[in-house]
Each structure stands twice: as C-alpha cells, then as structure tokens.
C-alpha cells in the first residue's frame, strides 16, 4: 500500500470557511422567526430569577443610525449574557411616538391641523406616520440580530400606554407635585411651543454685547451709600447683556450682596461697577481716565431705584447669588419673564413677571411703539438705537458665544414666561428624594456586585449635578399630537377640580378604549353633569419626555411578562442623563418615592476614525444598513463589543476591517474544532478526565480559566474585555500552541485510539464553551456553530447556560498549569531558532529539525519528564535535553534563563504519512515506506500518548 491518505483522520465539516454573513444572516433571521426563537427562549427560562433591561424608546422618525445600532446591540449582548447566567430576561423593545417632530412631518404632508384636516384627522395621520416609521426601524433592529418581542413592542401611542401615562400624571397630582405658574421656559418660536431641557442644543451665535446705563432716581441717596457727598453728572449703574431684546421686560438690576462695588468718576458721569471688573469695563468702553470715588458692598444698595433706560418707569436694585464676576459689570439686567435665575430672584422680591413676547417670538401690541409686532432677534438693533437715543448705551460690540437652539430647527430659542404646568422640584421634596435615590443606587450596586449602580461611575456625579441644579419641570405643551393632560380647571379661579384624580381615571378608561382622541371628543358633562358649566378642559398636551419617562409604570408595571418586577437596568447614550434617565427618575420618585432602576449604564457617542462627529456634509457617516449589507451583522456586533463604550466610539471602514479580521480568527478556530470533531460521538467516544493526555486536560483547563474571566467580564459589562480574552484564547492559547501541537496526533493516530479520542474530548469541551462565549456577541455565527456540534442538544444556543463540563489540571500535579506555561515559553524560543534557520535555508520546516535543549537542572528535569513526547510539543522530528554546561558554541542563547537551543538537521528520511523524519523507516516489510509510529497506527494497536 503506497497511498496512506485514507488512513489519516483528515478534518472534515460542512461549516463553511467563509462567513458570507451578509448573504447568510437574513436566512437565519427567517428561521428564527419561523421557529419563534424568542418564544422558545421565554419558555426555557420560565421560573428563573429575572433580570429586566427596560428599553429606552427611540423616537419613531427616520432611519436608524450607527448610534441606534450601538445602543440596541449593547442591550442585546447583556440580555443574552444574562440568559446564559441563568436569568429570565424578557426584552420588550419600545418606541416614542408622540411629539413635535412627527407633527412637523405630518404638517409638511397635509398642512396644519384645522386647515384642510380637522385636529382629529391630523392625529390619525400622525398615528399612521408613526406606525410606518416604527415598521422601518423595527426591520433594521431585527437585522442586527437583536432578539426581543418584536411582534408585541410597546408604543407610547398604544391606547393602553396612553391611558397609563394619564394615570401616572394623576398619581403625581395626588402626591402634590403639580403646580401651575407663569415661569420662563425654553420656547421655540418656530415650533410655537415650550421645549424640554433635552430638546435644547447649543451652537455658536453672534449677538450684540452691550453695556447699558440705568440712571439713579435719587442721586444723593446713592452717593451717600458710597460715602460721597457730591460728584459730577448722573450716577449710573451699568448692566451688561447679550440679549438687548429682553430689555423691555426688565424689572430690576441684580447685584451680589457680598461683592465690592465702586463708584467711578469718568468724564461727565459716575458709574457703579463691581470693583474687580472696573478695569475690563473701562478697556472695552475705551475710557482711559477714571477715578474711584468710593466703594461699598452690594447689599448697601438694595432697593435703591434707577430709571429704565427707555421705558417710562424705574426699577429697584435687588440682591442675587447668581451674580458673578465671570464677565460683564457685576450688575445683572433682570427680566423675570425671560430667564430662570431672573424668575427665582424676582419671586423673592415680588417683581412683575413681564412677558411682552408672543408665541411666534414677536413683541405683543402695547410693548413699545417702535417694537410692537417685531420678531425679537430682529429687534436687537432697534433696541440699541433706543438706547443710543436715550443716552443709555455705554458700549456695543459683537460677541460670538454658545447659545441655546431648538434641536429640531437648529434655530435660536428664547426664554418666555407663559402659563404652564410644572412638576415642582421642591414643594414636596422631589429634589432631595431624587438625590437620595441617586446615592442609594450607587451604594446598592457596590454592595451587591462591587460595581457602582452608575456605569461608568462618573455618571452619578453628572446626573447628581443636573438634578441638584435643574428648575421645576415644565410638562405642558401646546401641541396637537400628544397625550392630553386630561385635567379640568375652574373657569374663574383656574383651580383644578377637587376630584381631579378620580376624573382622570374616568378619562383614562375612555382613552384605553379609543386612544387620546377620546379626550378631545369628550363632553365634560358626561363626567360632571350640571357642574360642567363651571369647568373647562386644560387644552395642553404632555411633554413627550413625560411619555417616555413614565414607561416603568405605563409599560413595565403593566406587561404580564415582567411579573411585577421593576427594571434592573436602563441603558442609553450619555445625553440621556438630562433626558430619559432624569425624566424617569423624576416621575418614579414623584409617583412611588423610589428610582425606577437599579443600574444605569451609559455609552458614548459614535465618531469617525479621526474622532470627528459624524455628519453628512463631511461625508464621514457610517450607515449600519450598509455595514450589514456588506460585512454582516456579526461584524457590526463585534465592533460594538470590542470598543470601550464608556467614551467616544470610533468607527470607520478601516476599523470595521479590523473587526472583520478578528472575526475570521474566531471563525477559523471554531471551524478547526468542528472539523476535528468529525466522527466524534460524545455519548460513546468521550474519554474520562483521568484517562486523558495531560496536554488535552491542560487545554480544557485553559478554557475553564478563560471562561471564568469571560463570565466575570460579561457580569461587569466589560465587553471589550470579553473580546480581548476570546481573541487571546483563540489566537495564542489555542491557535499558536495547542491546536498546532495536536494536528499530528489528531490526523495520524488510530481513529478510535485513546490518543485521538482524548484530543477530541478536549476539543468537544472547548467547542461547547466557546460557542456560548460567542453567543451574546457573535449571535449569528454562534447559532451556526451550534448546528454543527456533535451530540444531542437543544435547538438553539440561546436557551442554554454557561458550559459546566470544564475541568483543569491539579496544582499539585507535576505537569500543572505552571509547567505548561514554562513549556509555552520554551516552545516560543525554539520557534524563534527554527524561524531563523528557515530564513538561512538550513531547514525547510520544523519537522526537518532536530532540537537540542541545553537546560539548567530545574528546567531539564521538567523537559525530561515529557520523555519522547517533547518532540511533539516542539513539532520537530527529534528533541533531546542536555545539561546547560554542555552547550555547543553554535547553541543560541534564549531569553529564558537557563536555556540555550541547538538546531541540526533531523536524521533519516521523511515518512510520507506523518512527515516526521526517522532512521527506522522500512523496518516493517508490509509497510516499507512508513516509520514505526505510523505502522502501529495503521496496522497495530495504535501509539500511546501520555503527555502530548
């Protein structure tokens, strides 16, 4: 017999070498859908301890972008890893469906409500548009490999959810947190509505920067406060502002009570300025000569009166801690209707909350003859002319500064006092309770798993400062497409009906049946009878942040699959500290006195490879749809997992290419395992641990160590650590050591020998573990691998838990982990010498080499213990150990202390079956071409292996 190929155990598997993910994944998704994979998982996990990750609803408008993909993939990785850790972790995806962006889209399509279509018809169109957007986004999320109840997502426009949002507000009313007031709120003239904090973005804007004189009503009284009896000209307190248009609403000038102010004589007048800012004011006003006449603390000037620069009234000096020396003059123009700080200090002094600006951003009639009807930003120059005419303008220049803008229109917004409904931060202690909950979440996390409840830990300080400093929450909106506030107020007093919470429940029951339109269709006589004549509906809708912020109640508490469990985790982008995390915290504490979550995980924004924000104009946008169509969902998932999400997440074609390279290494490892498990039946062929070759037990132990570290990384949400450990296992421990060494034994040993079955047993255990490590991240590939693994098993890897069949070497054994770690280093040194010899054309491959290891006594003892099997570890045809002192001159010194490596050509000729060189080829007449080892493997009992 001259062709021995048929006697080899060559690797064989149907598992393809190429992932071809973009083509293969859609078919897998179809299979998952047809089999009801999500339902199978839920049944398998029934009765397990629960872990609830509550989905923050994306807005139902437009296609998903790379940031959406990051968010959904991170959630999916956590849900799947929790399943492997023995949790029942249902995932109900959701969408935010009401609000202005959808209104604006529908307006573009059919016009404003009340024009061609009634408000009721307009709402129906909004509902239909939102449903269409949900369908498009849902298809993309499913394509990412995200498992969830996609057949039954939650939508904030579901009738039941709309009703529960009203019930949430009723509970907050009942708990005494709601109040009405004319407070200044962010107002977008383009939207014609107030905006939430989270709907405000900041962009650079050029504004006029002006210093304005307010002249003292009683000059002598003011001079006396500075200890001055006389001075030349008027006495003027100087304010600085970048919003001249707000001056018609000025009702005071604020000073800091503790700051020192100076009375400064300049040509023809005296100016009152903060002492530390005198020089900077003089410099910008171009005043070269001045004299300080006197000084006093701000508090000395309290309630002195000064003339408004162009309106026919005077205003008081008031004290405010918000006054700083960061810029300006130390005196702050105060318009309580146009600024939160101004409003707060104005309340203290009982100032009028003047709001001369309409909802369209134009001055109301009766403001001022030259200003009435003008758009405020166009009025700045006219106000400056008024100041010039009255002699009140000290200085004007242009200033580029960061200015609040509407997130939708990107246009500058204003603060505008309008009658609105607010959740009070302090009336019932909501602020202090919320801050206490923020603390508790951190402590509870540290107590339970030594991991802060705020992940990363800096998230705590961020939300803490936001809650500590935030104003009362304006929850009312003047929109058409939104959940109604569903309250009734007395026509004369504007007080809420005394049975408000009871009436809101009656409305909620109607909304549950017919949606929010039921409120607008409702005749309040049906609720109040004869009393109806005294009451009217509150026409406002709720801020959409109230919709999404109340979902722990309106969705999680309501859905049966959550079994009454409250959410364990909220996970969103870092912008949500002031968005969903905050609104959810406020509502839950206002309703129940506790936070809605136990952990809050935040991820960074996506940027391009150079760290730049993605923008269509720059042309650096990475589309998740294109990535999936070109590379596949698993590559996108691997990029997400391998990137540290705690800061900005860089993505580009080059970065994704690196992810594809890493994917190939993992896939190749999985394929090698499957190909070499060909013909292995775990029921019949498994070798007991005590009978296995030592190296095989070491490999299983490596997998056990890797698994412990991988599970810990999953539990700490360190997914990039999972990927790094997975890569180290596949590339280093397996790829460049174990899998390399076992090829000879796996291919050439007798098919059913212990030597080969021991190796296959190790590969089987490793494959069972590896497929589970992969599953949360490389979900498509793990499912594919699962289908090729030998033995009876559940239909899907996603119903399983971490593999429990791993074991390792005993530390007391001679050939323990430390022994093999040392051998890894020795092999590395030998490989270096062989590589050099190949470059020098001394040998063609490692099997042409005979290696002599010159070792010190301790190392020699270790190496000798492998006996003749040392050569299999080194993958050479011969290997011997000699004392270090006998090292020849050509032996290569190594980086290992006590080792030199000698290399020569292997004696004998090459065996055509195993490719090892042997001097004993031809000793068996029946197989004259084979070495003795191959003869016993082909025709005898098969070789024995103990160590390698």
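Placement of Cβ uses the backbone N, Cα and C atoms for every residue, glycine included.
The L-isoleucyl-5'-AMP binding site feature in Swiss-Prot is assigned to 572. In the three-state DSSP classification, residue 572 (L-isoleucyl-5'-AMP binding site) falls within a strand. Residue environment of residue 572 (L-isoleucyl-5'-AMP binding site) contains 21 other Cβ atoms, counted within 10 Å of its Cβ in all protein chains.
The ATP binding site annotation in Swiss-Prot covers 616. Residues within less than 8 Å, Cβ to Cβ, of residue 616 (ATP binding site) and separated from it by at least 6 positions along the same chain comprise none.
If you take the C-beta of residue 931 (Zn(2+) binding site) and look for same-chain residues 6 or more apart in sequence within under 8 angstroms, you find 911, 913, 914, 916, 918, 920, 921. In the three-state DSSP classification, residue 931 (Zn(2+) binding site) falls within coil. The Zn(2+) binding site annotation in Swiss-Prot covers 911, 914, 931, 934.
Through the fold, the motif ''HIGH' region' (58-68) approaches residues 95-97, 99, 101-102, 105, 130-131, 133-134, 136-137, 140-141, 155, 573, 605-606, 614, 621-625, 651 of its own chain, all at least 6 residues removed from its boundaries and within a Cβ separation under 8 Å. Swiss-Prot lists 58-68 with the feature motif ''HIGH' region'.
Note on the motif ''KMSKS' region' (613-617): mean pLDDT across this stretch is 79. Positions annotated as motif ''KMSKS' region' by Swiss-Prot: 613-617.
Cα separation, residue 934 (Zn(2+) binding site) to residue 572 (L-isoleucyl-5'-AMP binding site), rounded: 61 Å.
Shown in sequence order, 748, 912, 913, 915, 916, 918, 921, 930, 932, 933, 935 are the same-chain residues outside 911, 914, 931, 934 whose Cβ sits within 8 Å of the Cβ centre of the Zn(2+) site.
Each residue in the motif ''HIGH' region' (58-68) gets a DSSP state, and the totals come to 3 helix, 1 strand, 7 coil. Of all the Cβ atoms in the protein chains shown, 23 others lie within 10 Å of the Cβ of residue 911 (Zn(2+) binding site). Looking at 914, 934, the binding-site residues in this record, the fewest other C-beta atoms within 10 angstroms of the C-beta turn up around 914.
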